[in-house]
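Below is one structure, written out as structure tokens; comments come after it.
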């Protein structure tokens with residue numbers, strides 16, 4: 001009898017060699033759950049906070065050497081360490097969420113953010129502050145865990161809209177993080193930034209158990225610790241090479257050594273993962289065209305968006321004497337970029353509607369095309385503040401459409417029991433796009449310069465080139481999206497009920 005019950009609980013499409021899917025007792029599955037709107041709102045707040053936290057210290061990097069008595073190179077680690085720990089911890093928290101409960105891992109991630117904020121607010125020196133930012137980076141797992149919780153907890157007809165809103169919150173946070181955190185630091189001081197993040201993350205931590213239900217879905221097997229260590233080591237080498245290339249020199253022995261080490265480690269890690277029955281990252285699933293090209297598109301969209309945001313903010317604050325800048329303060333620049341938030345909020349709902357009607361692939365295509373138009377407009381249009389605001393609103397609309405469609409496109413290609421791990425890998429790809437973008441922006445702005453008032457600053461041609469690069473990368477995302485074939489939602493789940501409409505085959509034409 002026990003053998004038959006275990007056999008029936010196995011996922012329909014799951015390989016026979018894998019341990020069966022484990023479910024919690026039925027009484028917990030039928031317990032009353034919070035209203036879907038409350039869950040979506042809560043997870044959107046989590047995504048917004050994490051996105052804001054990513055750029056928390058960026059506007060203050062020039063000031064930290066004087067504030068904390070350190071060098072510019074050391075202060076740059078406040079950004080680099082967040083990128084590295086986020087890339088390493090996101091896949092780990094995603095896999096642990098699939099194994100032991102997504103809500104449980106969400107609590108861990110929010111706890112890390114709260115702890116990092118408390119340490120950062122009280123940091124006596126740069127070393128402690130870098131440690132605090134490492135904890136902030138580890139909390140990046142909130143994003144894939146939140147998207148996966150939506151798939152588990154929401155009714156099928158609400159999944160698309162919920163993912164659209166959470167994804168748009170992530171985009172809004174990325175878009176407004178630079179000017180808003182800079183303005184807050186300008187008026188209140190940098191320690192207040194960490195304190196504010198700590199208070200909000202602590203409140204979200206306390207609300208998690210009341211708002212978010214624990215999914216009954218579990219994967220079997222043991223956690224792949226060697227795989228996690230191997231992936232972490234490879235990512236550290238790769239991200240250090242990308243983020244420090246401009247500073248250390250792209251042909252320096254350190255950068256070349258890191259690049260070679262990354263290739264060797266990724267190769268060895270991939271061969272090891274393919275031999276595992278329960279790997280940290282299922283490379284066979286990740287190699288499916290629908291999943292692979294979705295992850296590639298995520299990296300391209302992340303690059304195009306971050307390039308647009310960094311350059312738009314810098315152009316608005318550049319001195320008028322440059323001939324292209326508008327000489328605005330951090331606070332005013334933040335106000336001028338508010339259309340980004342409005343545009344993303346509106347078009348995230350448009351994305352949900354379009355995905356229900358035509359499928360996420362169509363939505364992704366439309367979004368990447370709009371992203372191309374917005375960046376091309378920034379490169380070609382004359383420098384006027386209203387035109388800049390219009391162009392960034394168009395870029396935000398395209399980003400909202402793409403960001404909202406990407407998780408739906410991804411989830412259509414993976415079993416529900418691997419949703420968190422798959423979303424973690426997708427988040428990692430997006431981070432690789434943004435980190436590559438930072439390196440390109442640094443290289444272009446340091447290579448094309450001009451003298452204004454005795455200072456060396458980026459020339460106007462640098463920003464024209466950067467917007468052109470962003471448009472070209474967005475066009476590559478269009479091509480990749482067009483090559484990604486529609487895919488029916490996987491049947492290898494144990495959850496009752498139909499798949500969300502947005503996961504179904506797209507309609508022809």
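Just so you know, glycine gets a Cβ as well, placed from its N, Cα and C.
As annotated by TrEMBL, region 'Disordered' applies to 1-24 (among others).
Remote same-chain partners of the transmembrane segment (37-61), defined as residues 6 or more beyond its termini with a Cβ less than 8 Å from a stretch Cβ, comprise 67, 72, 75-76, 78-79, 82, 86, 106, 110, 113, 133, 136, 139-140, 142-143, 146, 149-150, 153-154, 158, 161-162, 165-174, 176-182, 185, 190, 193-194, 197, 200-201, 204, 207-208, 211-213, 330. The transmembrane segment annotation in TrEMBL covers 37-61 (among others).
Under the heading domain 'Major facilitator superfamily (MFS) profile', TrEMBL lists 39-489.
As annotated by TrEMBL, transmembrane segment applies to 73-93 (among others).
Per TrEMBL, transmembrane segment is recorded for 105-124 (among others).
Within its own chain, the transmembrane segment (192-211) is flanked in space by residues 34, 38-39, 42, 45-46, 49, 52-53, 56-57, 103, 106-107, 110-111, 113-114, 117-118, 120-121, 123, 132, 139, 181, 184-185, which lie at least six positions past its ends and keep a Cβ under 8 Å from the stretch. Taken from TrEMBL, the feature transmembrane segment covers 192-211 (among others).
Sequence annotations record features per position, and here TrEMBL assigns transmembrane segment to 223-242 (among others).
Per TrEMBL, the feature transmembrane segment maps to 248-269 (among others).
Sequence-distant contacts of the transmembrane segment (290-310), counting only residues of its own chain at least 6 positions beyond either end whose CB sits under 8 Å from a CB of the stretch, comprise 171, 174-175, 178, 364, 367-368, 371, 374-375, 378, 392, 395, 399, 402-403, 406, 409-410, 412-414, 422, 425-426, 429-434, 436-438, 440-441, 466-467, 469-471, 473-474, 476-477, 480-481, 483-487. Here TrEMBL flags 290-310 (among others) as transmembrane segment.
Within the chain, the transmembrane segment (330-350) has long-range Cβ neighbours (under 8 A, six or more residues past its boundaries) at 59, 161, 164-165, 167-168, 171-172, 175-176, 179-180, 182-183, 186-187, 312-313, 316-317, 385, 388-390, 392-397, 399-401, 403-404. Sequence annotations record features per position, and here TrEMBL assigns transmembrane segment to 330-350 (among others).
Distant neighbours of the transmembrane segment (362-381): 297, 300-301, 304-305, 307-308, 311-312, 351, 354-355, 387-388, 390-392, 394-406, 408-409, 464, 467-468, 470-471, 474-475, 477-478, 481-482, 484, 506; these residues of the same chain sit at least 6 beyond its ends, with a Cβ under 8 Å from one of its Cβ atoms. Residues or ranges marked as transmembrane segment in TrEMBL: 362-381 (among others).
The transmembrane segment annotation in TrEMBL covers 387-406 (among others).
Per TrEMBL, transmembrane segment is recorded for 427-450 (among others).
Sequence-distant contacts of the transmembrane segment (462-483), counting only residues of its own chain at least 6 positions beyond either end whose CB sits under 8 Å from a CB of the stretch, comprise 293, 296-297, 300-301, 303-304, 307-308, 310-311, 314-315, 324, 361, 364-365, 368-369, 371-372, 375-376, 378-379, 398, 402, 440-441, 444-445, 447-449. Per TrEMBL, transmembrane segment is recorded for 462-483 (among others).
What TrEMBL records for 490-503 is compositional bias 'Low complexity'.
Among the features that TrEMBL reports, region 'Disordered' is placed at 490-509 (among others).
Of the ranges 105-124, 223-242, 248-269, 387-406, 427-450, the one with the most Cβ pairs under 8 Å to the transmembrane segment (73-93) is 223-242. Within the chain, the transmembrane segment (248-269) has long-range Cβ neighbours (under 8 A, six or more residues past its boundaries) at 227, 230-231, 233-234, 237-238, 240-241.
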